[in-house]
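For reference, Swiss-Prot has these:
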type: DISULFID; residues: CYS13-CYS118; note: disulfide bond
type: MOTIF; residues: 84-100; note: motif 'Involved in PIP2 interaction'
type: MOD_RES; residues: THR114; note: phosphothreonine
Amino acid sequence: MSWQAYVDDHLMCDIEGHEGHRLTAAAIVGQDGSVWAQSATFPQFKPEEMNGIMTDFNEPGHLAPTGLHLGGTKYMVIQGEAGAVIRGKKGSGGITIKKTGQALVFGIYEEPVTPGQCNMVVERLGDYLIEQGL
């Protein structure tokens, strides 16, 4: 399966039990900042934004004072899992980032998708990739 198929079929799919509800954007990005696959709607990010995200995984709490920035959008960092998941909120939407052995799985959502639904979609794929040694 190609990386693009993971994004299209496992991240940008309908939310289970909520036909027509799906993430706004999603991507799988290598920990070096190289894009493995992304939805057409995923924002163009700056290297320093990806560096900040990687620093927060290595030093949890790094982004809390300044917020998480991706594609010029600022998200308020909310409760995540230190070293494993970063979550951010902006208005009625937000972002979930799951770290795997080699990559970061991104999901961005807006209402009617809920934070919990985004977390479920992103973390399920992230956990699968971890199980596969990726």
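Glycine is no exception: its Cβ is also placed from the backbone N, Cα and C atoms.
What Swiss-Prot annotates, mapped onto the structure for a quick look.
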| residue | record | CB count, 10 Å |
| --- | --- | --- |
| CYS13 | disulfide bond | 13 |
| THR114 | phosphothreonine | 15 |
| CYS118 | disulfide bond | 25 |
CYS118 (disulfide bond): secondary structure state under DSSP, collapsed to three categories: helix
Cα-to-Cα gap, CYS13 (disulfide bond) vs THR114 (phosphothreonine), nearest whole Å: 15
For the motif 'Involved in PIP2 interaction' (84-100), residues assigned helix / strand / coil by DSSP: 0 helix, 13 strand, 4 coil
